[in-house]
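Peer 1: Mind looking over this structure? Questions follow.
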């Protein structure tokens, strides 16, 4: 149209005004006809393409696609965006609404020789989408460096460099062309890949910047200032994060609080570059270190914590198989100990919501010869609102027992600590009938005994009380970890290993559960996982930030519990192969259970994530005199 107007004007250079008017009328008439010939669908999208040019435009678009595809072959990976990014920064295009001329201009640019592509920064050369930190062996789960002694200088304090920043400074480029080819934040959208780190070497990717359409880039380049693109090497940041955590713990042990404070301030920045389990674990350990460095202790809210802990405990039960495994293996040992008994009594040192006992009641109801008379004593802490939560639990269990026709009796004991219990509290009420069969007692403790280690002599008193009632069996479930070391650095390193694996199992289990139970089918695993992370985070804070009587999460290994119970007059009871097989079957039914492992260890059963045991179930009886 533009050339037609110029030719019309040129032909009337020496003519009369009437001739000029005639030419003007012809131009207007041609324009009107051209607008009528424009494709209506493309016109609605803002593009002017005549129907007669549709075939030509389609051919040019196909050629453009082929040219861009050839460019992608020569510039693999993240360089694809850089291959065509100069179209928005180096070239002045025709009006984009004129689709035919716009495509033709880009096609001519692609056919021209391209400037050299600058090498990608090291952080963007490899990619990894795993949120799991692996060791050099690639074991498949979160593995940290081996624990170091307090005297080791492996994790000596050293400065941690800031993330690499790619700027658009022309002086830093080899040429103006290289400067223009570096994408900036003006008009582009950025997205970060899944964070990943490998302590033994491997792949990682930093921030990736995706190019916007050429028209948007051209407009943004003209109107918006250049924004630096931050490229973070997540592999290096992950290694520095772990070293910063351990160096901070070493500084705390040496009471070098100035160095510890400097490291505490760097940990959140390093943790932000990570993803998945590593970021969450680092956040909780960073918070715990900050509480210890700044000597910040929350207000005394023991009663409120008891109610909130029960809520978190319920979510932890739903999100992963650890508590299910604990209840199942303990119930199996109790069921075998009650074989042939007509009157049985279970003392639960931490009844919580009573989730362990419906399964045992049902198993007893199906026992050949009929169910026994079942009495349950539930021990729990006082409630903040002074409600009788223990009786509410007993009422629900009584209703369930009635439906399956089991003779059921219940009694709740409120105790601030298990050390307050006396033997007479666990004995049957009233005098026993001489004609009745004696009552067989079982004592059950799930994640309770380690809390007694905070008070000198408390564990010995409780074990003495248990020994006095002469139980047929005592079932104990505890964390398989040593978080009761006198050295703060050793305790910190061990807990970092333990909870990293625990969080990794939550991530792995939740992903498998999401596949089998999508939200539309009522999966609802998101809330359970978040609350379970809070449940574990409170334990981390207690292990790291607290000391003395406040530090109640004093977990010990199976070997240490074996020594303590042996000194108290108990001997181990072998958990049979039947419990092992049924526990393995239970895990096979649990979503995401591929990473969980059940192992038998000296007559006890452990449940772990891959090769790391995390909890252990053991059974005991009063040793023969």
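All residue numbers here begin at 1 and follow the chain in the order shown.
Cβ atoms here come from the backbone N, Cα and C positions, even for glycine.
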Peer 1: Kindly point out the range from 246-250, 251-255, 256-260, 261-265 that Swiss-Prot annotates with motif 'LxCxE motif'.
Peer 2: 246-250
Peer 1: Tell me which range among 125-166, 167-208 Swiss-Prot lists as region 'Disordered'.
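Peer 2: Here Swiss-Prot associates region 'Disordered' with the stretch 167-208.
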Peer 1: Count up the helix, strand and coil residues in the region 'Leucine repeat I (LRI)' (239-294) according to DSSP, in that order.
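Peer 2: Summed by class, the stretch gives 49 helix, 0 strand, 7 coil.
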